[in-house]
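**Q** According to TrEMBL, the region 'Disordered' annotation covers B:312-336. Marked as transmembrane segment by TrEMBL: B:40-58, B:87-108, B:113-133, B:165-187, B:208-236, B:248-271, B:278-302.
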Amino acid sequence: MTAVAAGIRFDPYVVPALDGVAYGLLVFVAAAGLVLCFGVAGILNLAHGTLYAIGGYTAAALLDGGWPSLALALAVGVVAATASGALVAGLLTRLAARSHLTQALLTFGVALAGGSLLVSAFGPDDPPVRLPAALDGSVAVAGHRYAAYRLVFIVVAALLAGLLHLVVRRTRAGMLVRAAVDDAEMVAVLGVSPARIRVGVLAAAGALAGAAGVLGAPIIGPGPDTADAVLLLSLVVVVLGGLGSMAGTLLAALAVGQIQTLGVALAPSAAPFLLFAAMAAVLAVRARGLATARRAT
Amino acid sequence: MRRGAVRALRRGVAAMVVAALVLAPWTVDDYTVALLARTLALGLVAVSVALLTGVAGLPTLGQTAPYAAGAYASAVVGSHLSDVGLVHLAVAAAAGAALAAVTVPLVVSARGVVLLMITLAVGELAVTVVGRWRSVTGGTDGLAGVAASRPLWGLPVLATDRARYLYTLVVVAALVGVVLLVLRTRVGLLLRAGRDDEARLRAGGHRVAVHVAGVHVAAGAVAGAAGSLLVVAQQFVSPADFGFDTSALLLLGVVIGGTASVGGALVGAALVVAARDWLFGVLPGQAPLVLGLAFVAAVYLLPDGGRRPPVRGRLLPTVPARRPAPESPTPTGVRA
């Protein structure tokens, strides 16, 4: 009430638009791991949403309203999700010569079992997430009240995206990963095991999903449906982004964020169809872009 | 000689399975009969998955989308327009085919993992729409109390589990028969050729993109019809019937059955669905865990259902695997 009296008001456009940026960046950090798995190892990792859920549940279990707990949750969530990603990679190693069908089925089995373990460990209800008090309030942005955490999240996620870009573009590890996409045999000739790159990539994808899960817990909270929802959103932005392009994925994720928040705020009755419509629209405009995407088999 | 014996054995087993299916409603209890009817509907979806994955070489995780479209179209028509099963089937098949046709531009140029990814996204999006479009689908609560249908004009309504099961069985048998017959024609040959060596087929002047679009729409129609059968079998429909786990179960069933075999897909899907329902009965709460572990075990134990026989390797000198060469226009100018 005091805020309203002071002339600060809620706005039907600015707040959803900002929410959309936060949501889009969250989906990007989650989907980036999927792009890595898919682009490098040619694997459709159906357990990716479960790795996000691991991070989310860790945040719900460890956050107690203080700053140290946030750091601890981030560390534990990332380590747990990284280990789980490496476990998936280990299970897949012996199936490397098999078809993509069996790999999809295996990762689905892992997702099913992992989701079940998470629900039996943390219960069937969506647990609350307790943020540090400083982040729990709202701040004024250009005359509008806005949740402080989401602003901080936008900054952190943007930093993560930048860091990812630097690692992929500027480091030796990133160079090897990009080389493995183009010619795994040549990388092997250089003395780097492609199998090791696969494990590294799946573990890194797990780390990204785990970080997204911990940081995104106040936005897409942990619960029995989380894994499916995150996997779906990630898939849609990966497809929209042109299957394998990080920049395209970022663009698609930001667009999906706007569709999901601004669309729901402005056209609630049409909202369920907006994602479908977006996919159709993108294809109508740049069907060639999708069609010329690298074929991983 | 040996091949002949194997064929005779397979025919014998098939005949026994069909006989058991026909006699089932008189030998087991009503609950099992209702379960069997639902399994048959899912088996028909598995046939559409096998058509795409095994026959045409287009792996899919998205057949739940036309399946759901068919089920809801059938339920809505059944509640408001007509109680004739044949009409429901036609509407459901049309709805499934229409949804598949809308997504043709998405799938036509994709193969392999890309296709799995796109079809999964389409399937999941469809279920999301179903869950949110309350005015038509009843949202996550689903549509209950769908009126009983009659198979044809003038026939009595399907009032018992046994009648509903027999109706489902007849429709599934008829549709599977049609699929098998069509696959024995040139169409089936062309689809398999596209699966085994697309470049060569294209070089021969065939329009692979048209084949892909055609089989995708046809499989959508089959899955849509299966949706109608699901509504008849359980007189209820909700988004839970079309989840991500259903897609994966169907794919596993098809892989177990041997991807290229339509009959095998039916049997495989039946086995997997039966195992799931049994697990949910004996292990309430723990079933997803056991099911997930069973998936992992099945993948390790099964022969690779997705791998194709190395026909080319025997006919041509082996060339080290390379990235596919940049595609050039084919004689017909079609770029699939």
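Note: Cβ is positioned from N, Cα and C throughout, glycine not excepted.
Heads up, TrEMBL stuff is auto-annotated, nobody curated it.
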**Q** Cβ under 8 Å to the transmembrane segment (B:278-302), counting only same-chain residues 6 or more beyond its ends: which ones?
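**A** Same-chain residues near the transmembrane segment (B:278-302) but 6 or more away: 248, 252, 255-256.
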**Q** Are there residues at least six beyond either end of the transmembrane segment (B:248-271) with Cβ under 8 Å to its Cβ atoms? List them, or say none.
**A** 14, 17, 39-40, 42-47, 49-51, 53-55, 59-61, 63-64, 176, 179-180, 183, 192, 295, 298, 302, 305-306
**Q** Quickly jot the same-chain residues contacting the transmembrane segment (B:87-108) by Cβ under 8 Å, restricted to those at least six beyond its ends, or write none.
**A** 58, 62, 65-67, 69-74, 77-78, 81, 115, 118-119, 122, 126, 149, 171, 209, 212-213, 216-225, 227-229, 231-232, 336
**Q** Report, as numbers and ranges, which residues of the same chain sit near the transmembrane segment (B:208-236): CB under 8 Å and 6 or more residues beyond its ends.
**A** 34, 37-38, 40-42, 44-45, 47-49, 51-52, 55-56, 58, 60, 63-75, 78, 85, 88-89, 91-101, 103-104, 107-109, 142-146, 148-149, 158, 164-165, 167-168, 171-172, 175, 179, 190-191, 194, 198, 201-202, 334-336
**Q** Is the transmembrane segment (B:40-58) packed against any residues at least 6 beyond its ends, judged by a Cβ distance under 8 Å, and which are they?
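**A** Sequence-distant neighbours of the transmembrane segment (B:40-58): 21, 64, 66-67, 107, 111, 115, 165, 168-169, 172, 175-176, 179, 183, 188, 191-192, 194-196, 211-212, 215-216, 218-220, 222-223, 225-227, 229-230, 233, 246, 250-251, 253-254, 257-262, 264-266, 268-270, 273, 305-306, 308.
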